[in-house]
Every structure is written in structure tokens, then in C-alpha cells.
Amino acid sequence: MKNVLLKLKAMPVNRYIDVIILIYLLLYPAFHSVYWAYIMSGIMAYMIFALSLDLLWGYTGLMSMGHGVFFGAGGYMIGIACARINQAEWVRYKKLPWFLSLLGNDQGAFLMALLVPGLIALFLGIFMFTGKIQGIFFSLITLALSGIAELFVINASKYTHGDSGITIVSRTVLSNNSKQSLPDFQYYFIVFGFLLAVYLLCLGISRSRTGKVLQAIRENEPRLVFFGYNPSRFKIFIMVLSGIIAGLAGVLYVRVQGSINYTSVGINLSTFVLVWIAVGGRGNLTGAMLGTLLLQIAETKLSSLFSNLSADFVQYWKLILGIIILLTVFLIPKGIVGTILDVRQKHQDHRRKERILAKEGGGEHEG
């Protein structure tokens, strides 16, 4: 029992926050309506998306400004499968291309929703990391990719329904049949289960040897090369894993939302997720989850509040949210969780110095 208490005491403060967040989400449906459970399901999918980017940006130092491409790729695979299986009115093609043939069945569609983002991330990673592209150039290329993906989705209207998007009528993870759908509360716990699994996976990686190498890449890549490591291999690995997790988030989100359109692969979503992580604090997983949770709840509450006012005020809720974000970033540049960890560390350092001084004082007194 004593050992357990000592381990709990030694646990970083952000892990306590993680536990609080997960317990809050687990109990959320018991104290809220079906509507709010539906809203929170979407927020949890976004939290998975934020975790995927935190692995890449927070731990490895690679700021992707086009991460929505992976999110949207996963969502669109499910969207195309739904439109095909349920024979949507706008579908005019008789047969899917060979490379999309797996979308003809439920399990294949789910596999493709993970495989396609992973392959995009793999090709992008090989191109950039073997070519030694890094820093601001990595960010600019991913930003350009986001714009290209948005245009591609709009113009590939035969399969994507252009800027109108695709309506998704089934709310299960695997089935794309409109007649098979889960109640909101059941689907809520499925999304929660995936969030928990992804969090544990990310936590395991962050504590592993691979996680330490990723952090070393962020801090001092040339030194890592000096010790005989190949950073490109690790960066490609985390790029692919991040892309797959983002694709999973896209699958879960579009099931909740009931539709997908070009904005899911575009610059807006890719920018939003960077803001969520920046506000929460990057490089610790907790910040990604907390920042997403707080900002999404704030956005929902503010939009609901302003929608009840006159039409002249509706446009200002985003302005208020933007001001809140700017103040947070300027006042606490390390984010909410990063600031908490800094304060905690300073407190521990101060107590350690006091103990050392007390011992030195006691030794002098005895002498």
C-alpha cells in the first residue's frame, strides 16, 4: 500500500488531469441530455485528432499545418462507402475504381479509412524526411497539401459530391448501411473507448525508447545523428502513426456529424487543431485533450448563447472566442498544462533547495 501511495505521489500532475478528464467523459452521459452526449461525442473525436498531432508536433517538433488532410481522408473513405452502399441519389458511377474497391463492404471501408491516411503520410514522410526537409519548410509543404486536398475534393465531385459534401446516415463504426445505426448513448461509449485506447497508445509511445528518441529529435537532431541514430526513420514512423490516428478521428467524427465536406480536409480545421494544442500545452498529451475539450465546449456554449440573441450579435461569438485564445497564448505561451507543470517544477525545486539548506545548516550546527 505504501509503495502504491509513493508511486501516486511521484506521478506527474498532468497524469492526474488526464484521469480527471477521462472520468468526467465516462460519467458525462449520466448527467446530460442525449443532445449534449451527441455534442461530446464529436468533441472526443476531435480530442483523438489533437492527440495524433501532439505526437508529431508536441513530441517530435514537426508542426503540420495540413493535418486535416489525414482527418478528412479517413472521413471521406467512409462517406464514399456510405453513398455507394445506400445508393445516394447523386451517385452516377456504376463501379468504383480498383484502388477504392474495398469501399464496397463495411470492413473494407473501415480498413481503407485508416490505410489511405497512413499511405498519404508515408509518401509525404519519405519525400520530406529523406530529402532533409524540416522546420518551417515542413510546415509550408503541409499547408500547401491542405489547400491542394481541398481543391481536389471539390473537383472530384463524381465520388465526393463536390462542395455539397456527403451525407452519412449510419452511426456505427463498421456498418455503412442506413438501416443499421446505434443510439447516441451507445455510440458515445464507442467513441470514448477509442479515445481511451488512443490515449494509452500515445502514452505508451511517449514513455518508450521511441518516445525518447522523438523528443531528442525535437530538442537536438544533429546530436542524435552524432550518436548513430537515423532520425528520418523515426520521423516517418511517427508521421504514419499520426496520420492513421487522425484518419480514425475523421471516421468517428463524421459518424457523429452525419456528413462530411471539403472543410474537413482544408486549412481551417488544420489551423484549429494547432490552436487547441497551443492553448492546452503541447508535448504532454494532457494539453491536447484539455485544450480541445475546453475550446470546443466554449465554442458550443458561445454559439448557443449568441444564437439566442439578435442576428447582429451572432457574428461576434467567434471574435470573443478568438480574443480568449489570443489572451491565453500571450499570457501563458506554454499553454495551460505547460504552465501548471512549470509552476509545479519551480515549487519542487524550491522545496529541494530548502531541504539542502536545512541539512547544510544542521551539519554546521553539529560541527
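Cβ coordinates are placed from backbone N, Cα and C, and glycine is handled just like the others.
Remember, it's a predicted structure, so these values are computed and weren't measured experimentally.
Outside the transmembrane segment (12-31), and at least 6 residues removed from its termini, the chain residues within Cβ reach (under 8 Å) are 37, 40, 44, 185, 188-189, 192, 195-196, 199, 284-287, 289-290, 293, 337, 340-341, 344. Positions annotated as transmembrane segment by TrEMBL: 12-31 (among others).
Under the heading transmembrane segment, TrEMBL lists 37-57 (among others).
Residues or ranges marked as transmembrane segment in TrEMBL: 69-88 (among others). Tertiary proximity for the transmembrane segment (69-88) is limited to same-chain residues at least six positions away from its ends with a CB under 8 Å from its CB atoms, namely 49, 52, 96, 100, 103-104, 106, 108-110, 112-114, 116-117, 120-121, 142, 145-146, 149, 153, 159-161, 165-170, 176-178, 242-244, 246-251, 253-255, 259-260, 262, 264-266, 269-270.
Sequence-distant contacts of the transmembrane segment (108-129), counting only residues of its own chain at least 6 positions beyond either end whose CB sits under 8 Å from a CB of the stretch, comprise 69-71, 73-75, 77-78, 81, 100-102, 138, 141-142, 145, 173-174, 176, 231-232, 235-236, 239-240, 242-244, 246-248, 250-251. The annotation transmembrane segment is assigned in TrEMBL to 108-129 (among others).
For the transmembrane segment (136-154), the residues of the chain that approach it from at least six positions outside its boundaries are 62-69, 72-73, 76, 124, 128, 160, 162-163, 261-263, 265-267, 270, judged by C-beta separation under 8 angstroms. The annotation transmembrane segment is assigned in TrEMBL to 136-154 (among others).
The transmembrane segment annotation in TrEMBL covers 185-205 (among others). Nonlocal intrachain contacts for the transmembrane segment (185-205), taken as residues 6+ away from its ends with a CB within less than 8 angstroms of a stretch CB, comprise 18, 22, 25-26, 28-29, 34, 37-38, 40-41, 44-45, 47-48, 51-52, 54-55, 171-173, 211, 214, 241, 245, 248, 252, 255-256, 285, 289.
With a cut-off of 8 Å between Cβ atoms, the residues of this chain six or more beyond the transmembrane segment (236-254) that come close are 41-42, 44-46, 48-49, 51-53, 55-56, 59-60, 62, 64, 67, 70-79, 110, 113-114, 116-118, 120-122, 124-126, 129, 168, 173, 191, 194, 198, 201-202, 205, 210, 214, 260, 264. The annotation transmembrane segment is assigned in TrEMBL to 236-254 (among others).
Taken from TrEMBL, the feature transmembrane segment applies to 319-343 (among others).
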**Asked** By Cβ distance under 8 Å, which residues at least 6 away from the ends of the transmembrane segment (319-343) in the same chain are close to it?
**Response** 12-14, 17, 275, 277-284, 286-287, 290-291, 294-295, 298-299, 302
